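To keep things clear, I will list the structure first and then write my remarks on it.
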There are 2 protein chains.
Amino acid sequence: MTTEEKFMALLKKMSAYSEALNIMYWDMRTGAPKKGISTRSEAVGTLSSELFKMSVSEEMEGYLKKLGDRMESLDPVMAKTVAVVQEEFDQSKKIPADEYREYVVLSSKSESVWEEAKDKVDFEMFLPYLENMISSTKNLINYWGVKDGNPYNTLLDKYEPGLTTDIIDEVFGQLKETIVPLVKKISEKNNQPDTSFLFAQFPKENQKVFSHEILKQLGFDFEAGRLDETVHPFALGITIRDVRITTRYAENDFRSAIFGTIHECGHALYEQNIDLELEGLPVADGTSMGIHESQSLFYEKFIGHNENFWKYNFDLMKKHSPEQFENVPLDDFLRAINFSKPSLIRLDADELTYALHIMIRYEIEKGLFNGDIEVKDLPQVWGDKYEEYLGIRPENDGEGVLQDVHWSAGLFGYFPSYALGFMYAAQFKAAMLKDIPNFDELCLRGEFHSILDWLTEHVHRFGKLKKPLEILQDATGEGLNAKYLADYLFDKYTKLYNL
Amino acid sequence: MTTEEKFMALLKKMSAYSEALNIMYWDMRTGAPKKGISTRSEAVGTLSSELFKMSVSEEMEGYLKKLGDRMESLDPVMAKTVAVVQEEFDQSKKIPADEYREYVVLSSKSESVWEEAKDKVDFEMFLPYLENMISSTKNLINYWGVKDGNPYNTLLDKYEPGLTTDIIDEVFGQLKETIVPLVKKISEKNNQPDTSFLFAQFPKENQKVFSHEILKQLGFDFEAGRLDETVHPFALGITIRDVRITTRYAENDFRSAIFGTIHECGHALYEQNIDLELEGLPVADGTSMGIHESQSLFYEKFIGHNENFWKYNFDLMKKHSPEQFENVPLDDFLRAINFSKPSLIRLDADELTYALHIMIRYEIEKGLFNGDIEVKDLPQVWGDKYEEYLGIRPENDGEGVLQDVHWSAGLFGYFPSYALGFMYAAQFKAAMLKDIPNFDELCLRGEFHSILDWLTEHVHRFGKLKKPLEILQDATGEGLNAKYLADYLFDKYTKLYNL
């Protein structure tokens, strides 16, 4: 066997371990029996540790060295694969295998405890696990190295390479300049639409059927994926041909399931449309959390909240919950689903105030990792910040600091990518309009394939073959520009509320 | 670390791989997206191969040698664990790792193809896979060694140690002496009960709810297990605290789901009640297929078909399908669910004719491995034997040779254990009656815990710490005795049909 072949064989073996771990993860989240969780966590720890050992093995090091020495002679996919694996190797090599294993076991348990703590609205129950997750993560940062004098930068860089607190502070600042005055004007205007029908009973089984119908419209391939139900929705690309999403059904608020499903669908379409040629390689994955989020938000916001999408789908939805929408004209429906008002739950937040939820989490994470905030004070800090930014305060930790899965799973530095993704999405949309000027007309006809084709052509198919800003530059012809999102929000809400 | 500790660490690592493989298997059977199956099969092959390598590694050999040299000084569980692992080591050591890997990949694919072939009623589609499975198995037999001059004995011994064609020919002969005259008498008697209501509509969702209720009654622990739906029902012990079963819902024949669920429940109770002290060890498993089947058949036949069970549960079932049972007295219901008539599908067969289905499969397997039967002739051979033994012939391969999953998964030599399990079960029941003379009264009250406790005390808790015949001897005070089953069938059917 040539070095390339041996290298590929090792990667293939590693991808088998990833598949197993992904399925175990999915299983734990979608209904694994409770008593089996602790053994399962141990098993996940063992396999992760084996996978980690392979990724930092001398065998791997040898292949990377040999192939790295003659990058020019490798075909482009192989060359990029070597580069991506080399980067991960350099990062991983810094963490001792035992500590990584402990970290994985801890995060697996922590996530299960979080789920129970959230159910029971008991922050104290989750507290020691969160403290442990943070100190373990700080420990990892020490191995990775502090970036630009700020340990939190090290975390940001893992999800969106190149991102720092300096950049985020600036971009979030620009957005704030648009959002804060808009939120203020809306509250002064005092012309909120009637939204009562949103909270009328919509049977769960019917929401399920409608969610499946919407997924089919948008191009989700059910032969290469499935939809399930969880407390906290997620999308999981096990392989390109097995991409699973979950949603949360609330009978008294269909928006949770419908928009949640559309959001996760955006993630899933990204994973399902990576070039099949990359299957089994580490480059067969989203290139960054921000780009990933740009796809989910593109679908959730620019399609799922588009008036033409609902001109096509409103009657269909009515069939699934006839009484609820009996006397609701489409215009009232559109104003209701696009209404903006400060709220407590990020996942239910409207698109205007959404970024404020992100900013709060961003500032808390910075504080936790710079030592300005202690975990035990989180409920207090959380409440204070919600009061400051949104003028409201959670009554309990279930609708406060316990609402998100991220910290329980060690995903610190991840939140900013949600807002960044929204900026990318707005920028993609602007570029797409040049190629597909009849975007709204397509939504009106329920024809989403050319939109999906554009995203596949410019974003999905590359996987990790391109870096985030390379994707953005090649697709839109310019670097990151917060203006597109700011303009979109300004125009939309000025019109909706007659500001 | 001591040798014991190192040995245990290796076993724990191996059990993590088993957990992953079991979950992947469960996932593939319960709804994994179709397009992902081929990659999944490769991943299963890779992890199985790694597990296999560990089981035959020099490291393992070293521990076994060291511990085997001082068995007397080991605690009993450790000593038995060493013995069980040593046996498996000796068996496995004979198979080259690459060939084992190929075999696992093939059986995984073969099982998926079978499922599709069964759906499409297309034996030709499955034919090359089955041929391949048989030649691969013959290849494995050559490595293991032919037992007592008959390659099929080698397979029998894997599922029920000590069993040979000589013994089976004899025991099946005894049973035949009872069954064949009974079947003949019943057909001559011409007093079959009305069974039409069995085939009336029973909504699937209601069957689901009822199945869950029955499982709870019988003591199935839903915090350590779950119930799902598949084409071919199965029970899978992932760990002692995660035991999953599946069932098949047929809206026009509730017996498929209800008795199928009770059957798989018997398997599950065995796995859930193995001593927790054994968790993670290779001895935490059923001791043989026959003993496993004795538990499922005990529940399916001696509880699920017991008239007192239905005196307690008939009204409950009526609630789930009121019209169907509106004018059905309990006695008619009991005669209907216990009616005996030759049929084509093993899983739907009544308990009297059931063993004939097994005998047919046993004879075909013997023929396939002794070279007397060719795979391409199976539909013909199958039909001929059904005509000879049961007087009926399948109209297509879906209700014929394609009906069982076993051969697609390489489970040759497994079928006889079903009939053997029935004999064990009848023998356990006779012994249990000495300790629990009010067995029928307990069924009448829906109190199954002392029955479960007896089985746990005498069978479940030991896992593989005892061999099948040791379990039987200790629990019943004698060796295998076909008389108990023969007597049970004779008494029951003589009474039911006034013979």
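Each residue, glycine too, has its Cβ placed from N, Cα and C.
Listed features, source TrEMBL:
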- A:His263, A:His267, A:Glu293: Zn(2+) binding site (BINDING)
- A:Glu264: active site, proton donor/acceptor (ACT_SITE)
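A:Glu293 (Zn(2+) binding site) and the residue listed as 'active site, proton donor/acceptor' are 9 Å apart (CA-CA, integer value).
Sorted by the number of other CB atoms within 10 A, the recorded positions A:Glu264, A:Glu293 start with A:Glu264, the lowest. Excluding the listed site residues A:His263, A:His267, A:Glu293, the same chain places A:Ala235, A:Glu264, A:Gly266, A:His292, A:Gln295, A:Ser296, A:Leu297, A:Tyr299, A:Glu300, A:Gly421 with Cβ atoms within 8 Å of the centre of the Zn(2+) site Cβ atoms. Within 10 Å of the C-beta atom of A:His267 (Zn(2+) binding site) sit 24 other C-beta atoms, taking all shown protein chains into account. Within 10 Å of the C-beta of A:His263 (Zn(2+) binding site) there are 24 other C-beta atoms, taking all protein chains into account. DSSP gives A:His263 (Zn(2+) binding site) a helix state.
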